[in-house]
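A quick write-up on the structure given underneath.
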């Protein structure tokens with residue numbers, strides 16, 4: 001309890017902190033998003049032991065900028081695009097200020113009636129705002145379900161799986177009364193898509209329930225056919241299907257599982273259907289986006305994070321169940337010191353969660369909904385999706401980038417055309433600046449960049465500024481890779497970035513035959529020219545591949561052979577490595593290893609027996625470089641994108 005004099009101190013310092021927070025949030029876009037610190041950076045700035053005597057508040061307050069802020073990733077910045085949003089707002093901050101002052105532990109109704117009852121009513125508000133079924137409401141005549149605020153969606157998924165497990169084991173014991181619960185548990189199996197969040201796997205580890213991650217369709221969506229097939233296979237193996245986690249808005253590409261197909265299967269097979277809409281749940285404030293909810297009437301539980309996109313700061317997760325009694329039978333413990341006069345009549349949320357104690361989370365949610373109203377919250381969602389559409393249009397206008405998955409809501413995934421190493425290098429260049437925060441993901445073996453519109457204050461100018469930084473990084477990477485160790489003839493190969501349409505870019509490079517040996521066809525060499533370039537600026541793949549003693553005739557003979565040989569071989573290939581550091585993979589069976597491998601010269605001669613003798617005059621590594629140069633599938637008809645040019649080569653190592 002504070003002394004009267006301390007209230008005045010708190011009042012003054014509180015105003016000072018509010019002023020600091022306002023200044024921080026209003027200027028956060030001007031700060032570098034990611035810090036320039038290394039692990040352990042704070043150790044040297046903080047004493048090894050706590051102070052024996054109190055520090056002054058002025059000293060503590062000064063250390064915020066000196067010690068804390070240099071190591072902060074600024075999640076509220078409009079230039080923070082790495083993860084799904086983690087937004088806040090002034091009503092949310094004020095709500096937690098009050099909740100922290102009250103500091104009640106609402107484990108039972110009796111421990112804080114307002115904490116329990118406000119939460120019940122606000123969860124009903126929220127369910128109606130999202131268009132959820134009536135059976136998720138606390139206050140509805142036909143409902144035996146309701147909603148509760150949990151800490152995270154990860155915890156909600158675990159709670160749902162534990163409830164499903166308990167309910168299924170009780171069903172199994174009715175038919176096998178003598179069976180041990182652990183042996184019954186060992187037969188259980190649950191399902192999710194291979195795009196599901198990592199928390200699903202963790203829930204399986206904790207509950208000791210096997211989780212099978214099922215393949216998705218071309219839109220990264222889990223379909224009913226895949227689920228039904230897995231269920232039938234597992235039942236034949238003696239397993240008992242128990243649980244399905246359907247994701248609405250996956251982490252990687254914001255894909256949506258097909259509830260309308262999964263739901264009927266779960267109902268027919270007796271599986272608990274849990275819906276994870278951690279990010280996308282806020283979008284359902286807009287009725288026109290609720291098409292993804294088709295099939296929600298089959299759900300046994302539903303969860304989403306207001307703490308992501310709804311401007312309610314962490315932690316705040318909504319979790320609804322169709323049947324609260326299945327939840328309570330899983331988590332109910334009832335020691336005498338937790339009983340009260342209204343036990344059994346009032347709702348005690350300690351039976352709806354894993355911990356006993358719980359915070360007064362509903363105040364900040366109540367403040368936010370009342371302060372903004374449904375219409376302004378809907379407008380907030382619309383703004384985020386509009387900004388994502390704008391970024392998508394910028395990416396699509398640049399032919400060196402591609403968007404490998406459909407944009408949904410505020411997430412755009414994109415990549416640099418070509419091998420994964422190009423996209424990885426772009427990310428590294430962007431990370432060096434600290435001005436934009438982006439992270440990678442993978443889909444179908446392609447490395448992608450996730451760009452999420454997060455801040456409610458993001459403008460088109462912010463998006464354009466970040467896009468220009470991305471393009472600058474891409475241009476730098478492409479120029480470095482395409483002119484790595486250039487020969488004098490290649491010094492002008494990559495021009496400064498210019499604005500040209502895709503047709504110009506595609507047709508900007510021509511394949512020509514240059515005869516330097518009179519009428520001898522073997523001395524015709526293939527080179528690549530940009531319009532307006534002289535022969536001195538063209539790229540020759542044979543630089544540095546041969547020793548200095550090799551004649552031009554030798555080089556030209558091998559050039560002609562490789563061109564004709566590999567053009568045919570590439571048409572036979574069924575698989576090709578995407579790595580820039582490995583040889584193309586041939587569909588032809590490799591010769592079995594034998595003792596000749598130990599004798600490099602003999603083995604090399606045997607491998608090259610069908611090649612011209614000039615092959616033996618190449619430098620070490622020269623053959624590999626030339627093979628890569630000519631190994632783009634169906635050369636020369638196909639080409640790999642390299643910067644603002646179309647080069648029929650591997651952009652990282654084909655040029656020497």
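Yeah, the Cβs are placed from backbone N, Cα and C, and that goes for glycine too.
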Range annotated as region 'Disordered' in Swiss-Prot, from 459-480, 481-502, 503-524: 481-502
Intrachain C-beta neighbours of residue 308 (N6-(pyridoxal phosphate)lysine), sequence separation six or more, cut-off 8 angstroms: 84, 85, 86, 87, 278, 279, 282
Nearest-integer angstrom distance between the alpha carbons (Cα) of residue 197 (substrate binding site) and residue 343 (phosphoserine): 37
Secondary structure at residue 308 (N6-(pyridoxal phosphate)lysine), reduced by DSSP to three states: helix
Inter-residue Cα distance where the pair is residue 362 (phosphoserine) and residue 343 (phosphoserine), in Å: 22
Candidate with the highest Cβ count within 10 Å, taken from the modified residues 343, 362: 362
Secondary-structure category, per DSSP, in which residue 343 (phosphoserine) falls: coil
Residue 84 (substrate binding site): secondary structure state under DSSP, collapsed to three categories: coil
